[in-house]
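According to TrEMBL, the protein carries these features:
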{"type": "DOMAIN", "residues": "1-145", "note": "domain 'G-protein coupled receptors family 1 profile'"}
{"type": "SIGNAL", "residues": "1-31", "note": "signal peptide"}
{"type": "TRANSMEM", "residues": "53-76", "note": "transmembrane segment"}
{"type": "TRANSMEM", "residues": "97-116", "note": "transmembrane segment"}
{"type": "TRANSMEM", "residues": "128-148", "note": "transmembrane segment"}
Amino acid sequence: SKMQWSTAISMILFAWLFAAFWSLMPLLGWGEYDYEPLRTCCTLDYSKGDRNYITFLFALSIFNFMIPGFIMLTAYQSIHQKFKKSGHYKFNTGLPLKTLVICWGPYCLLCFYAAVENVMFISPKYRMIPAVIAKTVPTVDAFVYALGNENYRGGIWQFLTGQKIEKAEVDNKTK
């Protein structure tokens, strides 16, 4: 079934308000922003480790990492079951969740470690690596969805080469 415009607009509005809420909390006193170790941009200040930081970190992790991860897990498992019944696999259903964990996992681990121990002994260059990896998620997700969907793959191939891939060629390449 097709999604209604009202549903799509409601989902977009929710996403923007949700992001605005979590972005504003450190500005309003819950959590705190500071420069990243190499002073290129700002991030959560995980050098403090006080109660304010710890409560913000745990709430942020639950609502922005664990719950979305659980939703992705259950949704893609459901999609996988439908693919399994039909025998027609369109893309790797485990890949989006894996990219979330691989890209955001190191950053979450660093923040959790900062909640219990002082992370200032770690070199600033090494503390930047998890943040840089986390910031690659939009690009990685674009590649996962673009290359993981046969329609997009065919469109990308046609854009790059000017040749249209026939349906049989797409099926043979995925097998």
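Note: Cβ is positioned from N, Cα and C throughout, glycine not excepted.
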| Cβ-Cβ under 8 Å with the transmembrane segment (128-148): same-chain residues at least 6 beyond its ends | 36-38, 40, 43, 90-92, 95-96, 99-100, 102-104, 106-107, 109-110, 156
| message | Which residues of the chain, 6 or more past the ends of the transmembrane segment (53-76), have a CB below 8 A from one of its CBs? | response | 22, 25-26, 30-32, 44-46, 93-94, 96-97, 100-101, 104, 108, 111-112, 114-115
| remark: DSSP puts the residues of the domain 'G-protein coupled receptors family 1 profile' (1-145) at 99 helix, 6 strand, 40 coil
